[in-house]
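**Student:** Structure in structure tokens, see below.
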């Protein structure tokens, strides 16, 4: 039996599908980014444009604003989920009745379709119907209308994402915490270290790989959030919550500006890869450091 | 013996569970009320359940079509992905292929890409390039089934790699020496041993395919629309009927609720790409 040949045959369907639906679109978007092409313009055929689309993009205030808002969103979301998730993981670590049940309930949001998450939060926040605007007004006299106030809309999307994804952080850190060795902690206690010192000098270094992996994954996901936001705010009010995925959608579909949309898509991909790489380098460099010590 | 810390912990998790469950419970409340009862002071207790929203939704031909599409797309995709991933991981695990670690890494990177970036090229390819005569891949269930492989295959390969690597090589080598064919080795040895892992893979890929919205919304128009796009249409197209929307949303998240208990321990390994074992 020619084992090389059999192996490649088994692998072939996977590689072909990933090539057609992963690599071909990438090459296509690369080519498209160098043409002027608007399906509903006076002249709907593509024309070579050089780097015009990229030049336009650098001076596009809406694009820059969208990137900025996406970065702000990702920052708030990842930081809060990390802190909250760590505290919840600590609480989940000790033993208490019905732990398995509570863990399942806690994991529930992870399985829910993002679009349904958006729907749930819309029902919570719609004026006249949702409990949030009603109670904030009745008890605090706070005027809560995410359709009108930019900051409220922004932070509502942040809170929604925290509700949706904190369980992932909790469960990853819980897995990491349960596999910690006991000796260093006992030793630190014998040496009379304070609780904070134990956290800072013992727990944190052990958890570092798990924390970095979690931050990495949450960051990637936060940067590409579309469905929930689309359902909750539709990108508004004005463009406050029009994060990068929604921005791309807007350029490509209602505006049918294909050439420019392609350039925006590619720059987004590029920025994501750069961020990815920076986080990865951070992760590997830390690991390297630890092995030296 | 009563330990106070256990009690405090229990109380805390009751509270936390309320926070988790409340938005979903509220959606259920909305879905089980008539239009007249909806507005005014919010009340969290249902005196009686108003089933009309569910009856109306389930009898709506559009909804039935969307539901049918979702079931077909998710099930076919899950089956296709699990089968192809099993073949691919077997090849990667057992055959001395040149550069297989690079191939493995490349498959995984396919999942990392932000989907919005691929909206434009896929839309153009589906409407123009991927066609035979009159037939286009645009607005077909097949188009979605194949496309969802891009994010589900890497995931399935990642999960199954550990499982296939964990099955001793000697088992299939012995069978091959005894004259068994590759097909027999796959169906008689690998399949039974990898069954739990395959089940988890199939369920999670099914849920990911079911939950997908962005591509379903942009690469279909009439015939192949799925339930998630139907849910979004409530906000964008119709003058929002909240009761019906809530009922649709409840039906959308139903499979997740059903499968949750089965795969709860594997969700983390799945969503973090195996970076952390749940």
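Including glycine, each Cβ sits where the backbone N, Cα and C put it.
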**Student:** If I go by TrEMBL, the feature transmembrane segment sits on one of B:93-111, B:112-130. Which?
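**Tutor:** Checking TrEMBL against the ranges B:93-111, B:112-130, the transmembrane segment one is B:112-130.
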**Student:** As a test: from B:7-28, B:66-92, B:112-130, B:189-209, pick the stretch that has the greatest number of Cβ pairs under 8 Å with the transmembrane segment (B:142-160).
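**Tutor:** When the Cβ pairs under 8 Å are tallied, B:66-92 comes out ahead.
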**Student:** Residues sitting near the transmembrane segment (B:66-92): Cβ under 8 Å, six or more positions beyond its termini, same chain?
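**Tutor:** Distant Cβ neighbours of the transmembrane segment (B:66-92) are 100, 103-104, 107, 141, 144-145, 148-149, 152-153, 156-157, 160-161, 163-164, 186, 190-191, 194, 198, 201-203, 205-207, 209-210, 216, 224-230, 251.
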